[in-house]
Amino acid sequence: MRVDLGNALDTVVSPGIQRDALDRLDERVADAHERIETGRENHDHGYESLNLPETTDTDEIQTAVESFADAKTVLTVGIGGSALGAATLAHGLESDVDAYFLDNVDPEHVSSLLDNISLSDTAVNVVSRSGTTAETLTNFLVVRDAMESADVDWTERTFVTTGEEGNLRNLANRHNLPALDVPDGVPGRFSVLSTVGLACAAIQGHDIGAVLSGARAEANRLSGSLFESPAYAYGTACYALDERGAGINAMMPYAESLETFAEWFAQLWAESLGKDGLGQTPVRALGATDQHSQLQLYRAGPRDKMVTFVRPTERDDCAIPETDLPGLEYLGGQSLGTLLDAEFEATEASLAESGQPSVRLEIDRVDEYGLGELLYCLEASCILAGELYSVETFTQPAVEWGKRAARGLLGDGDFDEADSVADKSTFVIE
Ligand SMILES: O=P(O)(O)OC[C@H]1O[C@H](O)[C@H](O)[C@@H](O)[C@@H]1O
């Protein structure tokens, strides 16, 4: 995988990074790399995520899902880091087995999904590291009830992925459900390369070993210099651009299949780096679609953002038929891929021409290997950026504040956070 920083340099854009600033930052990258490597060696919380390409046992995952070989659908019940990684792989790769995700408790959505899938042909994966997340457990109760109503033995169609303890682990033990462990030291948003992200892919028939091979290739490129490591180059560029005023990072893949990847990135970046008044705001965009909406702002709006382009250099293509329709002759005989590439090059150039920074990430293809590279690269970029910001990359106290407030409101104990809801000020206009 390749990272091109050409359109992030101050000779091209503003804000931009001076070439010698990168040299200075490289000394900090060397120190950060050492801390990261020490964290990996000691299996410290969070840093352990970067060991997953070596530690994840694909046989264990295949064994846990083997009784679902007949599934026509896989339904993942989880939220945040317990759903987005699996969803990124499912939406990135084609399969005959449909994948759905219940990662919200919108009653209309939940009911409509359950009404429209054949539960007797579905494998249900309930995923929660803590085993206590209210949205996940309530959704599971609703799914279980729907299975019972449809005369489906839910214990035959359900497996869980969870930590050593918690409600979900108890449920698995009580009903003898197949259970996969969430590895220690791996926060949800860094867990795509573990049991959490790969079980759904395994049921869909994807080559999860190839995902890990791609990740391993990126792991092998981590070094004490950003000039030798695409992951560190990207993490450093984001940090440096943010320091210079690009506080927004618009993730814009040029592949429909990577739309969910941008969602995964948003969680990774926001939850890991948004601390102590620091952190870039991740925004989701999709090329070429959002060229026709957000691009106006990206080119002509405030100089407070960078765009991250992700482009596969190879893809299956689709020919554009020859046409004699006046004005459209130039398109006939080309291909949709050629058009998409031209749109990409044009957008990248349009930002550079107006002085707005961007970074280009390239993988060869959106396949198992390419996704493994991309996901690992961005996790390592994020961890490196966290070191440069000096924030606690692997905690999420602000998210937990909201979780406690909600539990208090729902009567699951006394939580001070719930009192703040009553203190809310209002200024309503009708
Ligand atoms: O896996 P769970 O324990 O159910 O947690 C699911 C999600 O919950 C919280 O919102 C955390 O901030 C996320 O990082 C986590 O991925």
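Heads up, the Cβ atoms here are built off N, Cα and C, so glycines get one too.
According to TrEMBL, the feature active site, proton donor maps to Glu271. Classification of Glu271 (active site, proton donor) by DSSP places it within a helix. Long-range Cβ neighbours of Glu271 (active site, proton donor) (same chain, at least 6 residues apart, Cβ-Cβ under 8 Å): Gly80, Arg189, Gln396, Val399.
The active site annotation in TrEMBL covers His292 (among others). Within the same chain, no residue at least six positions away from His292 (active site) has a Cβ under 8 Å of its Cβ.
According to TrEMBL, the active site annotation covers Lys403 (among others). DSSP assigns Lys403 (active site) to a helix.
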